[in-house]
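As written in TrEMBL, here are the features:
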type: TRANSMEM; residues: A:6-28; note: transmembrane segment
type: TRANSMEM; residues: A:49-69; note: transmembrane segment
type: TRANSMEM; residues: A:75-100; note: transmembrane segment
type: TRANSMEM; residues: A:128-148; note: transmembrane segment
type: TRANSMEM; residues: A:168-187; note: transmembrane segment
type: TRANSMEM; residues: A:199-218; note: transmembrane segment
type: TRANSMEM; residues: A:294-317; note: transmembrane segment
type: TRANSMEM; residues: A:337-365; note: transmembrane segment
type: TRANSMEM; residues: A:386-405; note: transmembrane segment
type: TRANSMEM; residues: A:411-433; note: transmembrane segment
type: TRANSMEM; residues: A:440-461; note: transmembrane segment
type: TRANSMEM; residues: A:481-502; note: transmembrane segment
type: REGION; residues: A:514-543; note: region 'Disordered'
Amino acid sequence: MNDGVNGVALAVFLFFFLLVTAMGFMAARWRKAENEHSLDEWGLGGRSFGTWVTWFLLGGDLYTAYTFVAVPAAIYAAGAAGFFAVPYTILVYPLIFTFLPRLWSVSHKHGYVTTSDFVRGRFGSKGLSLAVAVTGILATMPYIALQLVGIQAVLDVMGVGGGETTNWFVKDLPLLIAFGVLAAYTYSSGLRAPALIAFVKDTLIYLVIAVAIIYIPIKLGGFDEIFASASEAYSQTNPATGAPRGALVPGDAGQWTYATLALGSALALFMYPHSITATLSSRSREVIRRNTTILPLYSLMLGLLALLGFMAIAAGVKVQNGQLAIPQLFENMFPAWFAGVAFAAIGIGALVPAAIMSIAAANLFTRNIYKDFIKPDATPKQETQVSKIVSLLVKVGALVFVLTMDKTVAINFQLLGGIWILQTFPALVGGLFTRWFHRWALIGGWAVGMIYGTVAAYGVASPTQKHFGGSAKEIPGIGEIGYIGLTAFVLNVVVTVVLTFVMRALKAPEGVDQTKPEDYTADAGDPGVQVELPPATAGSSTH
Amino acid sequence: MVTPLRVVIALCLVAPFVAMLWVGSYAKTDPVVIGIPFFYWYQMLWVLLSTGLTMIAYKLWQRDQRARSASKGGASK
């Protein structure tokens, strides 16, 4: 992308990278618990995080490097359609407010580490729990791979990624080093490492956005100019489709797509294992509710960030690969040292979620595949060991994925992952509020949703791709274009309800429910709620 | 149990869905504010509005819980 290596930017980038590496390893000693050989400790940070740590952790987790690169990239490519990320993150918080405290309570009461643990306990079905676990792992893997794509974009723009002619090993070496380091401290420190690093990440991100949103418009002559040149660029005909490139506001045809994408993505977000891991690591259910009132600060940031996509157009950034639009904008607009800060923000922004995601996927494997099906008598120490190793394997898998396959494959799978993970919603959220659904009906609904979603996504063509060209398709029976994930979800619910009536009529066995109604509202300090793993030292410096 | 307080909480939580999913109500350019088309600043404004509504819901919820535990003699939270 670049003529040479940007030395100053690279030096600043390396400084921050070394800083967070040191923090990552030191995190093992932060708020350490008496018994460090348990999954609660390694995989949930001792379930001890207060409001602020949880805020940084969730923010660091949900607003990933890929988000920072992809959302403005979507705006850069097509305009208004990419802005759905903002209503999507607005809708997430009322949802969290409603159902996550219940999940927190029941998980603390029964020591659940993953969503599959809960589903198994609630419906007494290892099969349903396995379906949820496998879906979670499948959906998380490409997400981790996309974090690598985020780092790659930054490295490319800094000029250390090498050109097309560079030897593949030299080209990928920086990425290999970054991920080697990440893997090492995640292994040794568990969830504490990303929790601590998230402070640095978010401070940098907020700083960069604040500067970018003031400095760049001044340089470009104000928002009037920016939107005028963006509007002109969108009206140009795209030679591949014969239609305009995009629009500043969605037309009538695009409104269903916009709304269904926002709603479907919001419903899906908290089905992802890494969101649940960050939530369960909080100290009390109050922490979660309080967080829903301060987390939207990130949505505001995301909205401002999205506007950078317009600025990239106005600044005349021309890139083939839209993912490079924002890093290139920073490189063009900022002095070298501040571009380095911005790149560090994106790079570290990839490390935090990648760590949490690999931990979450590892927990799912350990608890719901290893312990349920391979070694039921595993001790907590063995569980932790397996989880640590699996977290490494998951990252290696993601690395292989990115290095051997085309980037678009990772993006396609991420798109599928979103559709898939949404299909666990009825079992999880349904289960939190009612035991009415039958466990086998939930498996049936899940299967139908998964199959419909995959087939439908496969059939979407775009100018550049024959399959998986997008995530929107005509909704059967309505005729509007809508998000495939949401259509699959509605189908899933309908099948689940119908099958539940059928199972009831056939008197199919219900399974044993471990939970009691009062478990869903219990809070820390109530009788029977374990205050998990008391910290060895009273760590109160962070809240 | 449905109490007026809980209805208000529910309304606070449902309002953002109505506003954001009704795309037709804000898919337009005018009025432009400091150069930003309506479509964009309106949605960003809703980030703040929904935050405010969630905060109200949170405060009301706390009050609801206190009332409930008081009536039960503090047995459950």
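Cβ from N, Cα, C; glycine included.
Curation does not apply to TrEMBL; its annotations are automatic.
Beyond the ends of the transmembrane segment (A:337-365), by six or more residues, the same chain brings 6, 8-13, 15-17, 20, 39, 42-43, 57, 60-66, 68-69, 113-114, 116, 133, 136-137, 140-141, 143-144, 147-148, 150-151, 153-154, 157-158, 178-179, 182-183, 185-186, 190-191, 193-194, 197-198, 200-201, 204-205, 207-208, 211-212, 272-274, 276-278, 327, 330-331, 386-388, 390-392, 394-395, 398 to within a C-beta distance below 8 angstroms of the stretch. Only pairs six or more apart in sequence are counted, and the transmembrane segment (A:128-148) with the transmembrane segment (A:49-69) gives three or more Cβ pairs under 8 Å, enough to call it a contact.
Here the listed stretches are A:49-69, A:168-187, A:199-218, A:411-433, and the one with the most C-beta pairs under 8 angstroms to the transmembrane segment (A:386-405) is A:168-187.
Taking pairs at least six residues apart, the transmembrane segment (A:6-28) and the transmembrane segment (A:411-433) share fewer than three Cβ pairs below 8 Å and do not count as touching.
With a cut-off of 8 Å between Cβ atoms, the residues of this chain six or more beyond the transmembrane segment (A:294-317) that come close are 51, 55, 58-59, 62-63, 67-68, 71-76, 82-83, 85-86, 89-90, 93, 96, 205-206, 209, 212-213, 216-217, 219-220, 225-227, 229-230, 233, 325-326, 328-329, 332-333. Same-chain residues lying 6+ beyond the ends of the transmembrane segment (A:411-433) with a Cβ under 8 Å from its Cβ atoms: 66, 99, 102-103, 106, 115, 118-119, 122-123, 128, 131-132, 135-136, 138-143, 145-146, 149, 264-265, 267-268, 271-272, 442, 445-446, 449-450, 453-454, 457, 465, 467-468, 470-471, 484-486, 488-489, 492-493, 496, 520. In this chain, the transmembrane segment (A:440-461) lies close to the transmembrane segment (A:481-502): three or more C-beta pairs between them fall below 8 angstroms, excluding pairs fewer than 6 positions apart. Counting only same-chain residues 6+ beyond the ends of the transmembrane segment (A:49-69), those with a CB under 8 A from a CB of the stretch are 85, 89, 92, 143, 146-147, 149-151, 153, 191, 194-195, 197-199, 201-202, 205, 269, 274-275, 278-279, 281-283, 287-288, 290-291, 294-295, 297-298, 301-302, 305, 323, 326-327, 345-347, 349-350, 352-353, 356, 414, 542-543. Sequence-distant contacts of the transmembrane segment (A:168-187) (same chain, six or more residues past either end, CB-CB distance under 8 Å): 17, 21, 24-25, 27, 148, 151-152, 155, 160-162, 193-194, 347, 351, 354-355, 358-359, 388, 391-392, 395-396, 399, 402-403.
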